[in-house]
Amino acid sequence: MKRIFFLDDSGPPFGHMVLALGGYLGGFDGNFLWNRIGAEYSSNVPVWSLRLLPALAGALSVPMAYQIVLELHFSHCAAVGAALLMLIENALITQSRLMLLEAVLIFFNLLAVLSYLKFFNCQKQSPFSLSWWFWLTLTGVACSCAVGVKYMGVFTYMLMLVVAAVHAWHLIGDQTLSNVRVFCHLLARAVALLVIPAVLYLLFFYIHLTVLFRSGPHDQIMSSAFQASLEGGLARITQGQPLEVAFGSQVTLRSVFGKPVPCWLHSHQNTYPMIYENGRGSSHQQQVTCYPFKDVNNWWIVKDPRRHQLVVSSPPRPVRHGDMVQLVHGMTARSLNTHDVAAPMSPHSQEVSCYVDYNISMPAQNLWRLEIVNRRSDTEVWKTILSEVRFVHVNTSAVLKLSGAHLPDWGFRQLEIVGEKLSRGYHDSTVWNVEEHRYGTSQEQREREWELNSPVQVDASRNLSFMARFSELQWRMLVLRSDDSEHKYSSSPLEWVTLDTNIAYWLHPRTSAQIHLLGNIVIWVSGSLALAIYMLLFLWYLLRRRRNVHDLPQDAWLCWVLAGSLCAGGWAVNYLPFFLMEKTLFLYHYLPALTFQILLLPVVLQHISDHLCRSQLQRSVFSALVVAWYSSACHVSNTLRPLTYGDKSLSPEELKALRWKDSWDILIRKH
């Protein structure tokens, strides 16, 4: 809302844009600090508008569940059952009533499944018709939107691609279709399910980066070039800097790696201690570190080893790939140096220092070869911000590297810089770029110190393309990790299935009214049971069909397989990957998988009634049991209403009674 650039690990920007659209429609100006969960909203926050689109997405998921079961060729009764379960599931209600993204993700997941089923059924009747194209295109759009809301959406997208690929494989084997027609079918699917989602995904980021053009607190995570493309912040500092680095240039060097924090090559008057805490000795030279703040001690002068001048000549002589340089610290006039002395925190690497002449048998080794990593030719000029460079030590072939280790108190807890022996390839920790740059004009040290403390601008311009910004932002989103420490309400995937966890979302500051993310235990347990029954029946039918025993007619078997592929497969792809994730997990991560389980439940119930109940009496008894089961699910949903809506004050005893596990424990103790 304030057009300020931000970055977090929740995923692509489309979900945030959906919430922002609601705020925009409500006239929200963005003036609220979202820094404390449970804080009361000020009068300028249009809560109703901000919650509108997630609530609408949650509401529309109910009729879509009905339509999906119908498109799978099951009865209206089963479709109504699926819609009812979506309607009364407390966890889905809670999640859709707040400013959260799971309801929007579930909506697009279901829309993708429904659209594909509509397309698949059109395929049998009228291929290449207007409705056929509409549903196929909408499938790709919905998949792209799901991925754009959260990266979890890629699981459903992959499922749809696999199902579409299997159907396309069968289409290729259809001898009634000509080669041209088969090619047209495959081309249409490739465009709708691959090209359109990719274009839409790029469009989300294009809008995101166009809207968020102002500098913000997350800038430092990004590269210097990205920061310079934002209004204010680094762009204000770097505007008009010289583009080409020349001998005599004054520069600050930023580590491209940016971990554990963004930092700049730095030195100061202090030296390494003679003896480290572990008894090893050092060179007692001037410390060189990586400092995570802008400071005058971050400035270095690029010196030509063949000349004594520390100023830029006229005309400037640009530094090119492969040139030998010396890096002279601007404030102390000492040269960057490394030698065969172990680094303080990384003893297998070389110590890096600024050379102090103690008049002993330790000569200066301060020649470095510049390598431009992202060069296009071997004569490329070193450019401000744009060039990513390495410094290779001439004497020892060591590469200037950020180790990431923190120095002890004698190093002011700054980050260690080492000389790493040259190896094949390169790592970002050995790559640097010039962030701030000026042409030095002062040869005398005192005048130079004054110059380094004074801003200067020279006309030049650097524009980062959209694809370059998209690629960097996408990579940062993928590798950015939030605090992985244990949270009070974090849980494991195994706890989700048994509903052995919940999340307290809100507590009234004066009464005991509260909102919890807590599922309907009847629906959750029944969903898991239905999944197990489906898998057992599927394997049983498969084995018997292998023995040429067909328990189901071919049409019923195909419907059974397709329903399992989408519903059981949807549960699996949205649940099992969490066992491989090394991040803090919460109950709401299970909700997309739960929706597919809910879709499967009435499908299994109808299958049992139609194909396993042999007599009319058995069907009647089973139907009565199903009605009783639905009644119990509705009763539990209504019982949990105070924790779903937060509209009723609860005593501690009432609250404990609403948690199914505590209620069960109390019942056992009574008996």
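Using the three backbone atoms N, Cα and C, a Cβ is placed for every residue, glycine included.
Curation does not apply to TrEMBL; its annotations are automatic.
Same-chain neighbours of the transmembrane segment (12-28): 1, 44-46, 48-54, 99, 101, 104-105, 145, 147-151, 201, 204-205, 207-208, 477, counting only residues six or more beyond its ends whose CB sits under 8 Å from a CB of the stretch. The feature transmembrane segment is assigned by TrEMBL to 12-28 (among others).
Annotation source TrEMBL lists transmembrane segment at 48-66 (among others).
If you look at the transmembrane segment (99-120), the same-chain residues 6 or more away from its ends with a CB under 8 A from one of its CBs are 10, 15, 18-19, 50-51, 53-55, 57-58, 60-61, 64-65, 67-68, 71-72, 92, 131-132, 135-136, 138-139, 142-143, 145-146, 149-150, 152-153, 156-157, 160, 163-164, 167, 566, 570, 574, 588, 591-592, 595. Residues or ranges marked as transmembrane segment in TrEMBL: 99-120 (among others).
Residues annotated as transmembrane segment in TrEMBL: 132-149 (among others).
Sequence annotations record features per position, and here TrEMBL assigns transmembrane segment to 155-174 (among others). Sequence-distant contacts of the transmembrane segment (155-174) (same chain, at least 6 residues past either end, Cβ-Cβ under 8 Å): 109, 112-113, 116, 120, 123, 139, 143-144, 146-147, 182, 185-186, 189, 193, 197, 565-566, 569-570, 573-574, 577, 592.
With a cut-off of 8 Å between Cβ atoms, the residues of this chain six or more beyond the transmembrane segment (186-207) that come close are 12-14, 17, 128, 133, 136-137, 139-141, 143-145, 147-148, 157, 160-161, 164, 168, 171-172, 466, 470, 473-474. The transmembrane segment annotation in TrEMBL covers 186-207 (among others).
Taken from TrEMBL, the feature domain 'MIR' covers 242-305 (among others).
Residues or ranges marked as domain 'MIR' in TrEMBL: 316-373 (among others).
The feature domain 'MIR' is assigned by TrEMBL to 377-437 (among others).
Positions annotated as transmembrane segment by TrEMBL: 521-543 (among others).
What TrEMBL lists as transmembrane segment is 555-573 (among others).
Summarising the annotation, TrEMBL assigns transmembrane segment to 585-605 (among others).
Listed stretches 48-66, 132-149, 521-543, 585-605 were compared with the transmembrane segment (555-573); the greatest number of C-beta pairs under 8 angstroms is found for 585-605. In the domain 'MIR' (242-305), helix, strand and coil residues by DSSP number 3 helix, 30 strand, 31 coil. Within the model, the domain 'MIR' (242-305) carries an average pLDDT of 91.
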